[in-house]
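Peer 1: Pasting a structure here, questions to come.
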Ligand code: NA
Ligand code: NA
C-alpha cells in the first residue's frame, strides 16, 4: 500500500491517533475509555503506519521490540499493585496523590499506572501481532 | 406555540426522522454487502456502514442526551478507516496469486450479470 | 513383649532391605564372595526370629507396630505367632542358603549386585508379608513380592521368554492382589476389622456376615493367583525363566507359599464353611492332579519341578480346604517339608544345569560320579519329596492320608486325587534327582563338575534338614509344626507323628503311593509322550490362553480407542457440544426450570432495526458459500452487538466492541492475505443437518435458560457498592473503568497477561517454521536496535 | 507517603476515612499475608522479565531457575502457613468482601499450589537442558511462568469470574508452549486442543454469567452462603451441571477428553510433562471448589453421573494406554485414567440416607461406624491425594520418557529398547514411576487408591471400587509392557528395523539422541523423592489432604476467613 | 521548523480534545505531541512553509466543495434515470512534491464528480475517476485551473 | 432564543446528515460499478456522518464534547478521501474493471509484475526486511 | 428487552455452534467470534437490563444521578471481550500457520497428531 498519497498522510495520521490513544487512556478513569481501548487505538495507529510505510519504520518508531513493550506494561501493572504492599495495604489498593503542578491539581495514582500498564501491554502485543503478520506478507 | 416549543418539537421530530433514515441506510448498506458482487463492493459497503453507524451513534447521543457517546463515534472513525485500509491491502495482495486472479475474473463475470458468490 | 523385643523385630524386617541397599556396593568390591557377608543379614534375621520360637511354641503371640498412617487408620504392625514365625524362619533360613548359592551360581555375572539387591528386596517383602498384622501392612508387602518377583523373573531381560514370564507373573499375581485389596478393604470398612489379630478374634461374626461370600471370594482370588491354582498356575512354570536361585527361592519356598500362608492365616476366621470346604478342595485337587501330570510331561527338569510345585500347592489348598485339625496339621507338615525339599531340588537342578549346561532330562545322565555331593543332596530331597521315611516328607504324607481317611465320597475323591498326585510327584522327584545322576552320560555333556562350596552347601543342608527334622521329630513338632498348626487351626493342637511307620491305613496308602510312583517313574518316558500327545490334541491351554487374552485385550483396546478417538476435530466438537447440550437440558428438564412465557417486548423501532441488523449479520456468516461474504458479515453482526451495548447504556463496551470487532475482521483479512484458500466454501447436507440440530438445541437451551434467569429477582448489591464508592474513594467517575482498574483490578491483570502471551505466542507461531516439506528454516534474526 | 498525599488533597471529602472504613479493609496487612499474592507476582514479574530478555537465550536460565525456586519456596510457605493457621483471605484492592476480588487459600488450594510449584521447578530444570535456543528465544520461559501464574491464580482465587480469568491465562500460556516448535503434528494437535478448550472455557464463562444472574455476586464464599440458603433451586442445579461439564472438559474426563490424546504428545516432552501434571488437575481442583464446596446439594444430585463419568474415564484411559504404540501417546491416556480415578472420589454423595441400607449386613461388626459423610471425606481426601500424586507422577513419566526418547531417538515402543542395560538409573526411575502410576505400593499412587476404594465401598458403590481396581490392573499391564518393551528389550538393531519401520522417518518431534545430560536426572530424582515419600511415609500428606477435604466439606473456616467470624 | 509547527498543532489539538484550557495541559499536549512526532521522525521531512496560514483557506474551500460534491451525488443517486458517462482520466500533474500531490489528490476526491485512483510511478500523472467523461479535456482543465492552480499558488 | 435557533439548526443538520447517509447507502446500491459507488460512499457518507456529528457538537452540553465531535468531523474528512483512494487503487490494480457504461479509461492496465507487489518504489522505503522464510 | 436479548443470544449461539462443528477451520474461527459475542450478550442480559443511563458519574456529583445501567457486567464483559479477542487472534494465526504448513484448512485432512494408518501396538513382550 505504498502509494505516495497514503505514505504522505499516514505518519501524521499515526501521530494523531497515538495522541488520541493517550487521551483515551488518561481520561478512561472518568469517562469512556481506558488503557485497553487506548492501547488498541495506538496499535491501530502503528498498524496504519506499517501498512503505509512498511514494517521497518514501525519497528524503529517503537524503538523497543513490541513484546518488550508489552512485558514492560505487565511489569508496570503488577508493580503498581505491589506499591500498596509497601504501605501495608492489601494488594492493588489504590494510592492517590494530588500534587499541584503549575497551579493545577494533577491526580497521580496507582490505578493510573495500572491502566498505563494495560495500555502498553495491548499496544505491544497487538502491534507485535500486526507486525509479525505484516512482515510475513511483505517479504 | 412559541419558538422554544417549536424548536424542541422540531428537534425531536428531526431525530425520529433521522433514525428512520439511518435504519433505511443500514438496510441498504447491508444489502450491498450481501449482494457484493465483488470484494471491493463489500468493503465499500462496510465503509459506508461505519459512516452510518457513526451517524447513528451521534443521533442516539442526541436522543438520549448522553453526549459522551461521541467518543465511541471517534473510535469508530479511527478503526473504520483502518478496516478499509486493511481490506484495500487485502484486495491488493490477493491479486498476486494466479488462483485468485481467477476469482477476480469470476468477480468481474459476476459483475457482468452472473450471480455473485455461487460458483463451484 | 517378652520373647522378642519390638526393636529386634524391626531389625529382622529391615535387615534384608539393608542388605539390598549394600549388595551392589559389596558385589562391586568383593565379587561373588559378597554372598558371604550378605548372607549374614538373613542369617541374623533367622536367629532373631528363632529367639521368638520358645515363646511362640508356648502359645504366645507377639504383637508390635506403630501407627503408620493415622489419617487412614492404618498401622505398621506385626504379629509373631506360630504360623508367621515358622514362615519367617523358612524365609530367612532358606534365604540364607539361597544367597550363598547365588554367590556361586551367578559368579562373574555382570549384574550380580543387582541380582542380590532384588533377591533381598524380595526376601524383605516376603518376611514382612508373613509377619504383618495390619491388613494394609500385609497388602503392601504382598504387592511388593509381586513387584520384586517381576524384576527377578525378568532378570534375563534380553530374552523375550523372560520378559513374558515377568509380565505374566505380574499380571496374574498383581490382578489377584487387587482382588485381595478389595477384600481387605471390605473387611476393614464394612466390618471395622483392621488387623489379622482382630479378624481372628471375630471369626464367627465374619462367617455369619452377609459380606462373608464377597470377602471370601476376593481373598481366595488373591491366594489362588499367588499360589498358582488352576487356571492361574500358568505363570509359575513360565517364571522358570528366572535364574535358578530365584526359582528355588520364590517358586518353591516362599512367594508361592504366600497364598497358602494367607489361607492358613484366614482359616480360623473364614474357614469351615460349606463354601470354604467346597471351593478350596475342588481347586486344590484339580491343581494337584493336573500339576503333577504336567510335571511328568515336562522335559526340562526345572519345569518339572515347577509343575510339581503347582501340584504341591494344589495339595496344600486341598488340605486347608478340608480344614479339619488333621488336615491342617497335614498341610503344615507338608508345607515345611515341601519348602525344604523343593528348595533343595531346585538348587540341584541349577547345579546340574551349571555342571552339564543343560536341563533337558533326555540329555542328562551319569552325572553322579562327577557331582557326588549334589547327587547326595538330590537324593535326600527326593526321598523326602517321595514321602519315604525317615524324612519330613514321610511325616507329611502319613498325616495327609490320615486326614482323608473317611468313608465319605467327598474324602474318597480327595484321597484318590492325593494318591495319584503324590505318586506322580514321587516319580517326578526321582526323575529330577536320580535320572541325571545315574546311567550313561550322553556325549553332549562335556566336563561335568561339582560347583563351589556355595553351590552345593545349600541343597545339602536342606536335604539334611529334612532328615534331621524327621529323626528328631519331637523337637521338630515342638518348635515348628505344632505352633504353626495351632495358629492355623485357631486352637492348640498336638502332633505326635514320627518317622517310625505304624501299620495303618495311612501307611498302606503311603506304600501304595510309593509303588505307584515307581511304576510311573519307570514308565515316565511313555507317559510323557502320552500326555504330550494329549495336550497337542487339545491344542489349547491356559498359557496360550494368556497370550490370547493379552492380545485380545490389546486389540479390543485399540478398537475401542479408535472408536472413541477417531482423530477428527469435527466429531470431537460435535460430541463435546452434544454433551454440553445434554448437561444443559438434563437438569433443565429434570428440575423444570423453564422460563415463564414472556410478554411481547416493547422496543423502539430503531432498537428493532439494530436487532434486525444483528440477524442480517448472523445469517450470511452461517449461510454464505463465499468466505469473504461471511467475514464481512461478521463485521455487521459485531457492529450490531456494539450498537446494542450502546443503546443499553454501555459506552465502554460499545467502544471496545467496535474496536475489537473491526480489528478482528482486519487481522482476519491480514492473515487471509496469504492463504490461497478457495473462496467457495460448501458443506455437505448431512453435515448441515447435524450441525443444524446441535445449533438449534444449543441456541434454544441457553436462550431459554437465560430468559428464565432474567425473570428472577436480582441482587444488585455489588453494583450499588461500586456506584457508591467509585468516585468517593476510587476517584473515578467511569464506574466501569474503576471496576476494571481498582475494584476488580486483578481480573484485568490476568487479562493483560493473556494479551501479552497471545502476542508472544503469535510471534512464536509465525517465526518458528518448518516448511511444508519438513525443511528446517534457520532461526530468524530480528533486526531491531 | 500515601497518607501524606491524601491529607493534602482538596478533592477528598473530610469523611473519606469514614467512607473507607465502610467500604474497605483498612487494617494493615501482616507481612506473611502477602504470601497469597506472591506466587502470581513472581510468575508475572519473572515472565515479563524473561520476555524482555528473550533474545539473551543463554542467560535466561540464570534468571528462570531462581524464579522457579522462589515460586516453589513461596508455595511451600503458603502451605506451611495454612497448615499452621488455617485459611486466610486477602481482599484485592482492599475492598470489603464480597465486593472486591478475594484471594483465599485453604488447605486444598495450598496443597495444589505447592505441588504445582514443585513440578514446575522440576520441569524448569529439565527445560534448561532440553529446550533449544530458538524455543527459548520465542518464549519458552515466559510461557511457562505465565502459565504457572494462571495455575497459581486458579488455586488461590476466591472469585468465580477471576477463576475464569486465571483459566484463560493458563490456557493461553499452554497454547504458547504447545505450538512452540511449529512441527506439523504440533500444529494439528494445537488446533484440536485450542478449539476444544476454548469451548470448555467459554462454557465456564457462560455458567459464570448465569451464576451472576442468579446470585448477583461472584465471591465464592458469598455464593456458598447464598446457595446454602436456597432450597432446590432449579437454576442452581443447571449451573452446577454446566460447571460439571465445563470442568470435566478441562479435566479431560470422558466423554470430553478428546483434546488430550489429540495433542499432549505433540509438544516437547517437558511441555507435555508440565501439561500432564498441571492442566487437567486445575480442572479437577475447580470442580471440587465449585461443585462440592459451593453447591453441595446439587453435587449430591449429580453424584451418579459423576460416578459414571469416573468409571468410564478410568476405563477409557486404561484401555487407551493399552492401545498405544507410542510411549507419549500411551502416557496421554494414563493422564486420563488418573483423572477418572480422581473423579471417583468426587462421586460420593454427602447425604446420609445412602448408608442406612449398608448398616444392616455389617451391623454387628460395624465397630468403625461408617457414615456417608465419612465416605465423602475419605473419598475426597483420596481424590486430592491422588491428584497431587498424579501431578508429580505424570510429570515424572513424561520427563523420563523424554530422556529415554532422546537416548533411543524414538518414542515408539517398537523402536525404543535397551535402556535397562544402558541407563539403569533412568530405567529404575521409570519403573518407580510406572508402578506409582499403576497404584502399586509402596509408591504414592497406592494410598489414595486405597482411600478411594474404601470410600466407594462405604458408599455402597462396589462397581466403582471395581472400576478403580480394574483400571489399576490395566495400567499395571500397560506399565509392564512399557518396561518390558522399551527398557528391558534390547534395542532393535538397525537391520531388524528394516521394512516399513526403517522407511518411516523418525518422529518429527523426537529429540536428537543424547540431547540431555545428567542435568535432566536431577528433577527426576527430586520427583522420585516425592513419589517415595508419599508412598512409604504417607501420613504427612494424608493429614494434609484430610484437612483439605474437611475444609471443602465443611467450609466454615474458609467462609470465616473471608467474612470474619460473624457472617 | 515544520516539525515544531506540527507539534504545536498537535498540542493545540490535545487541548481541544481534552477540553482543559490550561497552560499545563498545553505543555503536556506539546510534550505528548513531541513524543508522537518522535515516533515518526523518519517520515516527517516535509519541505513547505506557511502551511498554517494556507491550511485554513484551503480547508474552507475543501468544505465548500465537499458539500457541493455530496449534493451532486445525492441528486444523481436520487434521480430516476442516472445518466452516467463515467471513466478514468489521466491528469498530467504540475505539482511535484509528495505533499502537494497528496493534497491535490484528496481534494479531487472530495470535489464533485471526481475521485483520485492512483498516481503514476513517475509522479507525472494522476489518474482520476470521473462521473462525467463525456468531455475529458474539459474535466482535466477544470482540475488544472481549479485546485491545482490554487495549490501551486499557495505553495510556491 | 439563540439556544432555540441552535436547536433548530441542529435539527436541520440531523435531517440533512441522515438524508445524506441514506443517500450514500442508496448510492452504493444503485450505482453501477465499484468506482462510481465509491463516489457515493466517500462524499455523501462522509458528509452525512459529519453533519450528524456537527449537530451533536452544536447541542453538546459541554465544550470538550463539542470539540471532540468537531475533531471527529475533521478526522472523517481527513480519512474519507484516503480510504476511497486506497480502495480504488487496490481494486484497479488487481483488475476489477470499470463498468460497461464507462466511456473512457486512460489508466494503463495493471502490469502483472506490478500487481500488488507493493515493492518499495523509492529508496526511502527500502527498509531491509528480515529474510525469514527463504532458505 | 430481556426476551429479545435472550433471542439474540440464542441466535448467536446457534450460529456459533453451527460453525464450530464444521470441518473448515476458517468457519470455526467465525464461530469463535460469534460465540464470544453470544457470551458477552448473555452476561449482559444476566446482569439484567435496567435503565440505559451509562454508568458514569456526572462531573458535579459524587454518586450517580438516579438509576444507571449495571456496571459490573459491563466490566466483566470488557475482560471477556479482551480475552476472547486474544484467543481469536491466536487461533487465527494458528490457522494461518497450519494452512501454510499443512496446506489445508480441512480438519479431516490434518492427521498428523493422530495419524490414520496406525498399526497395532507391539503384541509381543
Ligand atoms: Na493430567
Ligand atoms: Na488442559
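For all residues, glycine too, the Cβ spot is worked out from N, Cα and C.
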Peer 1: Scan C:655-677, C:724-746 against TrEMBL and say which stretch is down as transmembrane segment.
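Peer 2: Checked against TrEMBL: transmembrane segment maps to C:655-677.
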Peer 1: In TrEMBL, which of C:455-476, C:477-498 is labelled transmembrane segment?
Peer 2: C:455-476
Peer 1: Flag the pair the transmembrane segment (C:115-132) / the transmembrane segment (C:605-623) as in contact if three or more Cβ pairs fall under 8 Å (sequence separation 6 or more).
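Peer 2: With fewer than 3 qualifying Cβ pairs, these stretches do not touch.
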Peer 1: Select the range from C:38-66, C:86-108, C:303-322, C:455-476, C:572-593 that forms the most Cβ-Cβ pairs under 8 Å with the transmembrane segment (C:689-710).
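Peer 2: Between the candidates C:38-66, C:86-108, C:303-322, C:455-476, C:572-593, the best contact partner of the transmembrane segment (C:689-710) is C:572-593.
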Peer 1: Under 8 angstroms for C-beta pairs, at least 3 of them, ignoring pairs fewer than 6 apart in sequence. Is the transmembrane segment (C:86-108) in contact with the transmembrane segment (C:655-677) by that rule?
Peer 2: no
Peer 1: Should the transmembrane segment (C:303-322) and the transmembrane segment (C:38-66) be scored as in contact, given a threshold of at least 3 Cβ pairs under 8 Å and pairs 6 or more apart?
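Peer 2: Contact between the transmembrane segment (C:38-66) and the transmembrane segment (C:303-322): absent, because fewer than 3 Cβ pairs are under 8 Å.
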Peer 1: Which sequence-distant residues neighbour the transmembrane segment (C:455-476)? Criterion: at least 6 residues beyond either end, Cβ under 8 Å.
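Peer 2: Counting only partners 6 or more residues beyond its ends, the transmembrane segment (C:455-476) has Cβ contacts under 8 Å with 94, 97-98, 100-101, 104-105, 248, 336-337, 340-341, 343-345, 347-348, 350-351, 354, 373-374, 376-381, 383-384, 389-395, 497-499.
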Peer 1: Which bits of the chain, at least 6 residues beyond where the transmembrane segment (C:655-677) starts or stops, bring a Cβ under 8 A of a Cβ in it?
Peer 2: 627, 631-632, 634-635, 638-639, 641-642, 645
Peer 1: List the helix, strand and coil residue totals of the domain 'MrpA C-terminal/MbhD' (C:612-676) as derived from DSSP.
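Peer 2: Taking each residue of the domain 'MrpA C-terminal/MbhD' (C:612-676) in turn, the totals are 55 helix, 1 strand, 9 coil.
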